[in-house]
Amino acid sequence: MTDFLHNVANKEEFERNTERSTTAYTLVHENASTGLTHKLPLEASYARSRLFRSGVVVAFCTLISRIFGLVREQFIASLFGSTPMGDSINVAFKLPNLFRRIFAEGALSSVFIPIYNEKMLISKKAANNFSGEVFTLLLLTLIVIIALMQIFMPQLMLFIVPGFHGKKEKFELTVFLCRITIPYLIFVSLTALLGGILNSVRKFAAFAFSPVILSICVIIFTLTFDHYIESTISISLSLIMAGILQVSFMFVCVKRADLNFPIIFNPSDPDVKKLLINMGPATISSGIQQFNLFISQSIASFIEGAISILSYADRIYQFPLSIIGTSFSTILLPELSKIYKSNDIVVAKKIQNNAIRMGLLLSLPATFGIIILSHPIINIIYERGIFTSQDTTNTAEAISAFALGLPAFILAKILTPIFYANGDTKAPLKITLFSIIINTGMNLLLMDSLKHIGIAVGTSIAAWYNLGLLYSYTKKQNKLHIEAGIKLFCGKILLCCILMSIIIALIKHYYLEYFYSEYLLIKVCMLGSTIAVGMGAFFGTAYLLKAVNYDNNKK
């Protein structure tokens, strides 16, 4: 405890000296023979403490944005349910976000942040110039892409939702709405780039909070203009308004961080060329989840209402995935890229193992809890307006199937930054290609017999296959150093999850009528108290089994 407080007390001095971190790493290795190895735990504790604090900030902001996202999705579900119009709206919303997650937040951030950090070591001016070059190139590229997509939107829809082709009205409505929403890609991609700049200097809150603007805009804009134009049009236009506000908000945050950059068009810059070369493999490898969801959506277009059902289910299981997985991936890439530049394997190993432990500690109970309580959760969140009880059952089945892959998705988000921090984009590319093949095959195999459930199960199977390949590659290339105690830790967590599940199942069995009361407050209180009891049982058992203790929390 004394050492921990001492480390915290000296944190400001440590961070003020911009060269001390690298120097300390060097001193440890050069003076190991003299017994000065006590400095390494100090640096490691700084890294662990910084990782934990950053994780808490990102997780909290992501939690707020996901709560608002759920309210937004609840609003959309009450208006459109799983009707054909609901399918069209969900496709129109997903299209720009699909490309944003693959290119901007995925590939671009993965290759941009390590190069940006290298530039920052040279000077802030060099880093700002690089940011300006990438920003300008991204903006011009997006304008061209959007123009082409506007022209060829019908052909693009034939590829994205082939099942709509034989339904003229549904297909034409989807094309029309997608033409309205696709310009949002420009704003949200620029927002992601600005977020990457802030993340590189460990300012994580703004970007994690920015999706709140989208959710608020969708609800307010739609309610305001619903009396003047059709709800499908007003809700689509709200994306453009949200995009303008999001990128404006991020510009203000970048300016306040004194990271202003000039507008420079210089595609011949060697670092820009390096970024573009690495973007190809990174686009595919970092977009594994999005590619799999895209394939799932294409296959689901042949099943009436399946796109809406899978979209509503996706929003629920994305809640823990974003809070846990995205929080870790957001902070791990800049942290690991700096640590690997210092060639300090010991600190990297500590960060890797602490992230894996935390990922298991949070994802496994979330999986068990979602599966057992899926129906009450969907009932409370979505079942109103034209969203029927059958829609609730279908969505609950889908979310349970998606939840099976939740730990795999989260652990993959922890392992993938290890490759990018080392500048390796080819290995994740190979892994992703194999995973996409598995996902497509499983979806096609299971959709006839299990319908929308089969598509979700196929996606989860592909997630575990992807994780297995990531683990094998990192171990083979000696980039992942798993501590011996991880297996025992995982076993203890599984035991805690089983006990938690039994308790939740018993509560659900004996108090079932309260989960489906006609009064919303009673349902919410019942679900909330059940979750609280389950969490108490889980963490209490974990503490007794010493899976969670003070030392682990400090790490």
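Every residue, even glycine, has its Cβ placed from backbone N, Cα and C.
The following features are taken from TrEMBL:
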type	residues	note
TRANSMEM	137-161	transmembrane segment
TRANSMEM	173-197	transmembrane segment
TRANSMEM	204-225	transmembrane segment
TRANSMEM	231-254	transmembrane segment
TRANSMEM	355-378	transmembrane segment
TRANSMEM	398-420	transmembrane segment
TRANSMEM	427-447	transmembrane segment
TRANSMEM	453-473	transmembrane segment
TRANSMEM	485-507	transmembrane segment
TRANSMEM	519-545	transmembrane segment
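Away from its own ends, the transmembrane segment (173-197) comes close to residues 85, 87-89, 91-93, 95-97, 99-100, 103-105, 108-109, 112-113, 116, 131, 134-135, 138-139, 142-143, 145-146, 149-150, 153-154, 156-157, 161, 164, 206-207, 210, 232-233, 236-237, 239-240, 242-244, 246-247, 250-251, 253-254, 259, 261 of its chain (Cβ-Cβ under 8 Å, at least six residues beyond either end).
Fewer than three CB pairs closer than 8 A are found between the transmembrane segment (355-378) and the transmembrane segment (453-473), and contact between the two stretches is not assigned (pairs 6 or more residues apart). Put simply, of 204-225, 398-420, 485-507, 519-545, the stretch with the most CB pairs closer than 8 A to the transmembrane segment (453-473) is 398-420.
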